[in-house]
Each structure stands twice: as C-alpha cells, then as structure tokens.
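Here's the structure we're looking at; comments come further down.
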Amino acid sequence: MSLIHLFLLLGLLSLEAAASFSPGSRSILRDIGSNVADQKDNAIELNATNFDSVFQDSPAKYAVLEFFAHWCPACRNYKPHYEKVARLFNGADAVYPGVVLMTRVDCAIKMNVKLCDKFSINHYPMLFWAPPKRFVGGSWGPKQEKNEISVVNEWRTADLLLNWINKQIGSSYGLDDQKLGNLLSNISDQEQISQAIFDIEEATEEAFDIILAHKAIKSSETSASFIRFLQLLVAHHPSRRCRTGSAEILVNFDDICPSGECSYDQESGAKDSLRNFHICGKDVPRGYYRFCRGSKNETRGFSCGLWVLMHSLSVRIEDGESQFAFTAICDFINNFFMCDDCRRHFHDMCLSVKTPFKKARDIALWLWSTHNKVNERLKKDEDSLGTGDPKFPKMIWPPKQLCPSCYLSSTEKNIDWDHDQVYKFLKKYYGQKLVSVYKKNGESVSKEEVIAAAEEMAVPTNALVVPVGAALAIALASCAFGALACYWRTQQKNRKYNYNPHYLKRYNSNYMVMNTFSNTESEREKER
C-alpha cells in the first residue's frame, strides 16, 4: 500500500506544478522560443481595431488577407511560407513595395471573433484576395454573388502563393528577387550564374510546352529535328531530371509519334500522348525565372533561359559531337522557335556556316559570337522603340569586368577578342560555375531546391557521337546505351532503337548520340 500512496503523492505534486505554470510562464517560454528564431515579420498583423484603417490608407493595388489561429499547428507551419512572399511586398526592404499588401488576422483572439465571422472562416488558414479598399467594411460568404473579394485557392507553399499572385496581376515575381537597384550590379557577377540551372529547367519545359501547344511535330522533318535535340539533351543537359525526362520521351517516341505524327490527346487515359510526359519532372515549370528574370514582365525570361541552355550544351560536348550539336540546335530553333523574325535571323546565321565544325571549341565560340550579333541587332531596335529592359540593356558579352582577360584591346566600335580566353571563360561560366558556385552558396535558395539541385546539376558523363553504321556495329558488339536500358520498357524497345537500321534511316539521322551514364559519382566529381 505504501507504494500506491507514493504514486498518488507524486501525481498530486505534478498536478500542483502544472497548476502553478501560469499563462505568464507560457508566455515567457514563447518569448524564448521566438528569440531563437528572431525572424522579423513582414506581414502586417491586423485586428478589429485597425482593420479598416490599414486597408483604407494602403497605397497598394492589391491585398492578401490571411485568417489564422495562433494555436493551429498548420498555421504555424505555414507562416514561414507566407513571410517569404510578404518580404517581397512589405516592409522597409520590400523588393516591390506598393504592389501587394500582405496582412493577417488571428481569429483565436477574442476581439477578432466577429471580424472572422464576417468572412465565414470555417478552417485555418484561409486566404482572401482583393483591392485593399474592398476589405474596408467588407465581408465574404460562400453564397455571395458579385463579390470582389475572392478566396485564394493555391496557397500551401510560398511558390504556389506567389505563382497564384503572378497569375492575378500578370507579373513574373520570384521568391529570390532582389531590389532592382542591386540587379544591374549583379549582372556581371559570376556567382549569379549559379541560379541559372533553375532557369534552364524552366526554359526546357517551356520550350516543350510550346511544341505541345502548337502541335509543332507534324512531319518526318520536324520529328527528326525533335529527336536530334532530345539526343543532345539526354547526353548533355546540365540537369539530371531533364536528361531523364528527355530519355523517357526519346525511347517512347515511336509509340507517341508513329510516322512522325504525334498524339497530343489531353485525356488522362491516353498513354501514348506527349502531354503525359514531363521533360524536366513534375515540379517544373515553377512559373518564374531567377537569373533570367527581367525588370518587366515581358522582358528576358524564356528567351534568356533558352540562350543559357544552348550555351551550357555547347560547352559540354566533345570534339566529335560539334557538328551534330550545331545541326541539332539550328534545326530545333528553325522548327520550334515561334518568334518568326528571330527564327529566320538565327537560321540565316546557321546557313552562313559553310565548313562543318570539327572541334567543340568551334561550336561554343560560334554560339557566343552569334549571341553577341543578336544582341547588337536587338539593341538598335529596342533603343529606337524604347522596348528594352532598362535594368538589363543588351550588351556585348562578356563585359570587361566579368572577363578582363578576354579582351586584347577594345575601342568604342571594335573589340579584339582573345578567343582562347573567351573559350576558357565559357567553359567555366556555363560548366563549372553552373555547379560549384551554386553548391557553395546553396543557402540562398530553399532547402528543397538545394537537395534537388545537388543531384540535378551533376555534369553528365562523356558522350560519343558516331555515324549510324558505326553506331549499329558498336551497339551489336557492346550493347551500348547501357544506362538508358533502365528506361527501356521492354527488350523489344531496346532492339528497335539499337539494332534496327530502318528505324534510324526513317529519321535521316547522320549521327547518333550514345550516352552511357556509366561513370561513377566520383568520376563526375572530377569532371566538375
């Protein structure tokens, strides 16, 4: 019995201790916890007293209003996401002040109960969108008609919320955007290229989406062009998930596009449809650009990302692949780039090349020179029409501060380039820098993106491009395409791609990319 009495005594003592733990004590612990995080809130906390006045006096064009409860674990977990977006628009360091007012109301506080009832809050968190003055004296109900206050449906992550806002106001804001005053100074910063891997994935997916939207693969010629570009991506795209997605499309291509006529069926049950493939994974596109984001919604973006993709491909090929890469890039732009004037101008520059490329250096320098010629032409047009990006004017690249050794001499009208130094710079900037600087400064992006990018940005292993006959002989002898075997759905599919000369002839392929993917991770580290 004495043991039972001891347990009862301990229970009473614990109850007394719990009772003595006052709300003030809990508040102290809360303060200690918050001091650990010590993060400044950018979202404006509203209550029943200041609600109308804050919205009435706001100069912002739009507002987001979050209703939450401080006791709600989901609300606490969501707060960092909401704050990521709020820092763009609110506070002294706002990147885009005066565009969107980010606010929140705690429904767990008694004075706010009636306010929350006016908006029919039945779960937490719940987000609303409207011009600020519409919230003044406003209310919302699920059965109300013609209410300018609308519910935000896509909000669960910072990315989703910002993408939703972008759609509402036709913007292209990104979570990592800086103040515009800092952007121009950073354009020549080598470390900025570390963000371009995300833009390369974005541009790859957007190019694929454009092909789907325009149903652009409609003949054996366009089919062959698409296949060649896929082969180039499988071998040398700097993102692993884009290499994987490209390979999956490539090996299923004869089912998707028999006789060069592709299926674009949108029905979920249509297995043999291009729309069922994600060339860079299901998480892409994200809906915004980073390195390539312009100061205006209509500038830079996709075209910039496509250029970065082509440059990154050009510095990853080997000598024997240079002509194949040149043909693949030129044909892809000619068949699938929908800006007609740009397409024709680029095609003319491709046609001006009379001698086949033999060295990887040659294709990298040709693409660099071509890009500068395009910039010169566009700069004249944009300066005369006022259509350029004031924060990112077209320039001869690289600027001297980015690569002083690239310049032998320069005047206002002419530059004498050191092409050896330019090539070294291109290799480093679009190759090594695309990986190493990002890994060094990975804290600047979200944890999820760091984890993904650490895997995605490994430089692909060496690839070999050989004539069709030799490729078939090697395939028969050594079962090449070993690494792609994991993507082959059946052994029959493998034989169709590796052993069937009629299949290859059907697309008039002069060369075949043979990417083994068989190097170890330690070998990839050496390549970096």
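Including glycine, each Cβ sits where the backbone N, Cα and C put it.
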Check for me: which candidate out of C280, C292 does Swiss-Prot give as the disulfide partner of C304?
C292
Those residues of the chain, 6+ apart, with a Cβ under 8 Å from that of K373 (FAD binding site):
M349
Give the distance between the Cα atoms of C342 (disulfide bond) and N297 (N-linked glycosylation site), rounded to the nearest whole Å.
19
When you rank C75, R300, H345 by Cα distance to C403 (disulfide bond), which of the recorded positions ends up on top as the closest?
R300
Specify the nearest of the recorded positions N47, C72, C292, C339 to H345 (FAD binding site), where nearness means the distance between Cα atoms.
C339
Cβ-Cβ neighbours of H345 (FAD binding site) (radius 10 Å):
16
Shortest C-alpha distance to H311 (FAD binding site) - which of the recorded positions C72, C339, C406:
C406
